[in-house]
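Colleague: Below is one structure. I have some questions about it.
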């Protein structure tokens, strides 16, 4: 035992601890509250009948989100290890769950920080007058504007051409865009500086990154409510359409949204709670984090939709003004006699007297509802729709800077959890050489991730990012979470788990939690998983490509994935979770040859998890 | 003799009377050498819009004469050389420019266009209008040259941010190194004295006297009486 002890304290340090409870809570909240709260939830609210969407959303939160959250925080706090160590302790056969968590965190870190890099790029470009996405650049001989920009919009052009320099399809890879590489390097450097001393520096960083988004959202809320058209946008968002609840797709999307929003199954939450003292009420923490996450989603959708309503209103007025100008010029009516208010009367009278001339003008139909229906989510919302709205607001630079700093804080605090889900298991697995200081190890991991993420800086990078987002950031998590809950509820045993919880929080979990862990959550997860895979299998694998030579440009061209790309998609979904059966089989083989019992004693000096008995029972 | 002088006087009178009429026929909508002007004062100035009247028209003709003078670098052009017709309440009208030497000759369209383009800024400012609100139909405004700074502004912001981040990283790494060296020095200095080490061990926050025995952390749970 003494040798083992020396090994544990190779640097003479015990496990790092949080400075205070606030840092721990802010880190967890920052990890859970991410970009999806701002740009996915409002979109879902909009397409699924506004206020009515809150019902499936809250049901999913209570019966699926909170139990999973409580479970992860509890086992991390109890077993005081990262995801791999924790699952090894609970059952060596399920050690693969931890490995899968780590692999998935690795893949997510790759593309998530690329999105943060894009946010940084836009942030750097917001310090200009005028904003670069507000006008088209001139072409080579200064005779006119660039054609691609004129055919689409300046905002689209800035995103697709000047930021991504996107290729027309996935087969053309294009070259590395140096400005994106530079932004990516900045993003990884900032992540590294926050990770340099582990949770000591993270704990300081989250005071800013976790709270700043709320400040910005409040400022935007106040500003947005004073803009014209905000009221229409909010009504549009929150008007409930109860019929939509009959559509099963709504329930599926609500369940997946709450699941991905809470960032469970990454392993990051387990790592964060492992740095707590064991006598911490993790039940309260879990409920707090879950409720705050959902409340943030709802709170964020209010200014977002007020601003989208403002944008729709602006587009509507611009459309009408175009028509008014055409009518005024054609019929030589006095300037400003036709206004937005009396447009209808003028149009009717002119159409009655000179119908042929009016129809020759080819006036556009301007309908506010059509403009409101133009919804977007994800990067489209932030980099196209919102940037367009910001141009029309007075003082655009300020609003653009505030918005992108908010997105940056949201993304950075989520990156903390992603990276923690990689680093802590590696530390606990004792894969770090003795001579290497932690700072160097973190630097190597960050450098490795940066180099691998360079594929997203190619011309076709955005297409690859969408693939990673859809295939890595979805099904593997559902599978991992399902195994997590089965492992704790049935293999570890709900009785033993309740004892642990009583030790940590002071009281046994009530009937609600037990029923959820045993029946409701696994069932919901299983149904969601099967339904999600079924829906994915039915939708043909296609992607939307930005091709200036396309016939219907500026509409995106819908192309099917090439076969080799589709093979990669399948690999991305399956390789992380393949470790679950692989490790189980490996342990079984080792166990048959009798080497296994020694390993577990050596790796896990935790006197409370005595899995020797588990092994013998199974034998 | 007297008859001849009368004839000349009548011809001169007729000419003087007919010249404006002749000039008027030169200015027509869709004239080959004329341009249409469209003015939107209320759009440009809103509440401070002035009314378009004969004086404003006079100013326009004077400004156009100025533009022609500037282009040809002569001082022969006058207000009379700019003929205006077909004014609507839009406000829009047609104008043509006649040569000061020969009142029947119109200045070609291309020259008028170049003259207008050259002095466009001055013409706009005379009326407090812009390229969009004072339109010469057929003469496209030269696109404003975008300001192209030598260093793109985003590169400057990036430089500031990355400089601060690297400075922070180096500062943190150096301070970690210094802390470790101080700890090692502390350990070496009292390496000889066992008792000292026990006391100092707790001080530095490093448990030098044994292994952190997790098995005993939770004792109070079992010793509650």
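Every residue gets a Cβ built from N, Cα and C, even glycine.
Since we're looking at a predicted model, the values are computed, not measured.
Take a look at what TrEMBL says about it:
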TRANSMEM  A:24-41  transmembrane segment
BINDING   A:30, A:32, A:33, A:37, A:261, A:293, A:410, A:414  Na(+) binding site
TRANSMEM  A:47-71  transmembrane segment
TRANSMEM  A:92-124  transmembrane segment
TRANSMEM  A:176-195  transmembrane segment
TRANSMEM  A:207-231  transmembrane segment
TRANSMEM  A:251-275  transmembrane segment
TRANSMEM  A:287-308  transmembrane segment
TRANSMEM  A:398-419  transmembrane segment
TRANSMEM  A:440-465  transmembrane segment
TRANSMEM  A:471-494  transmembrane segment
TRANSMEM  A:515-535  transmembrane segment
TRANSMEM  A:564-589  transmembrane segment
Colleague: Does the chain bring the transmembrane segment (A:398-419) near the transmembrane segment (A:207-231), so that three or more CB pairs sit under 8 Å (pairs 6 or more apart in sequence)?
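Modeller: In this chain the transmembrane segment (A:398-419) contacts the transmembrane segment (A:207-231) - 3 or more Cβ pairs sit under 8 Å.
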Colleague: Using a Cβ cut-off of under 8 Å, list the residues of the same chain at least 6 residues beyond the transmembrane segment (A:24-41) that approach it.
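Modeller: Beyond its ends, the transmembrane segment (A:24-41) has Cβ neighbours at 18, 73, 115, 199, 202-203, 206-207, 209-211, 213, 257, 260-263, 268-269, 272-273, 275-276, 285, 288-290, 292-293, 296-298, 300-301, 304, 377-379, 381-382, 406-407, 410-411, 413-414, 416-417.
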Colleague: With the Na(+) site defined by A:30, A:32, A:33, A:37, A:261, A:293, A:410, A:414, which remaining residues of that chain have Cβ atoms positioned within 8 Å of the Cβ centroid?
Modeller: A:29, A:31, A:34, A:36, A:263, A:296, A:413
Colleague: Just to confirm: which same-chain residues, 6+ apart in sequence, have a Cβ under 8 Å from the Cβ of residue A:33 (Na(+) binding site)?
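Modeller: In sequence order, A:210, A:213, A:292, A:293, A:296, A:410, A:413, A:414 meet the Cβ cut-off.
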Colleague: Report yes or no: does the transmembrane segment (A:92-124) come within contact of the transmembrane segment (A:47-71), defined as 3 or more CB pairs under 8 Å with a sequence separation of 6 or more?
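Modeller: Answer no, regions not in contact.
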Colleague: Using a 10 Å radius around each Cβ and all protein chains in view, which of these binding-site residues has the most neighbours: A:37, A:261, A:293, A:414?
Modeller: A:414
Colleague: Check for me, if you would, whether the transmembrane segment (A:251-275) reaches the transmembrane segment (A:564-589) - at least 3 Cβ pairs under 8 Å, residues 6 or more apart in sequence.
Modeller: no
Colleague: Per DSSP, residue A:33 (Na(+) binding site) is which: helix, strand or coil?
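Modeller: The three-state answer is coil.
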Colleague: For residue A:32 (Na(+) binding site), which residues of its chain lie six or more apart in sequence with Cβ-Cβ distance below 8 Å?
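Modeller: Residue A:32 (Na(+) binding site) has long-range Cβ partners A:261, A:262, A:263, A:289, A:290, A:292, A:293.
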Colleague: For the transmembrane segment (A:564-589), could you work out the same-chain residues 6 or more beyond its ends whose Cβ comes under 8 Å from its Cβ atoms?
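Modeller: Sequence-remote neighbours of the transmembrane segment (A:564-589) are 92-97, 99-100, 103-104, 107, 170, 467-468, 470-472, 474-476, 479-480, 483, 541, 596.
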